[in-house]
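**Student:** Quick one: the structure is below, questions incoming.
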């Protein structure tokens, strides 16, 4: 059974779009179980005008006309927090800005096939994780809440109260972090101290005592938990 990956390529350079298309067709030829449904756009404005919310991956050039790749990505994130974003750029220094919009990665032009294929592998994995529809379920004062795990940035325990920090909401209820570990085990969450459980996909930096998230939240990391956190991050990157 074939798996279809819906891809939007946004680049004002026709030759650059053609190279990405060639790489996609080469990947299809060597992976008989994968098909690509590709739509091309010459600008961020054109892509946003035609946005249907069904793309799995958006490949974005950084330097484009009036609306550059980062501005386009921010507009996409206002509509879809889960779609995979992949920047394609001439300049490596732009890569770090991808964290601002939770981009999967970046590819440096001219894009080699092998680097491209590696990122497509990761895009397919990201789609499968989203497709699993895994949620965290808990009771609040307003009733039962079901929150996709991919939307949760971290959990906080304070005075016998659990606070779930999500991308677009915040939930509070009585409980302990320990009681939620079975729901989150093996799903990309790591305890960084007795008060915090973080989602690895949102971690952008770790120093001796602090874990920084994509939204600039800074959480204290205990000495005992730091090694576990770094190992988990390394395993995630390797995957």
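Each Cβ is built from the backbone N, Cα and C atoms, and glycine gets one as well.
Taken from TrEMBL, the feature domain 'Response regulatory' covers 6-124. Residues annotated as 4-aspartylphosphate in TrEMBL: 61. The domain 'HTH LytTR-type' feature in TrEMBL is assigned to 136-235.
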**Student:** For the residue listed as '4-aspartylphosphate', which residues in the same chain are close in space, meaning a Cβ under 8 Å from its Cβ, but six or more apart along the sequence?
**Tutor:** 10, 11, 12, 13, 16, 69, 87, 88, 89
**Student:** Please state whether DSSP places residue 61 (4-aspartylphosphate) in a helix, a strand or coil.
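**Tutor:** Assignment for residue 61 (4-aspartylphosphate) reads strand.
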**Student:** Using DSSP, how many residues of the domain 'HTH LytTR-type' (136-235) fall into helix, strand and coil, respectively?
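**Tutor:** Its residues fall into 27 helix, 49 strand, 24 coil.
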**Student:** If you average per-residue pLDDT over the domain 'HTH LytTR-type' (136-235), what number do you get?
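**Tutor:** It averages 87.
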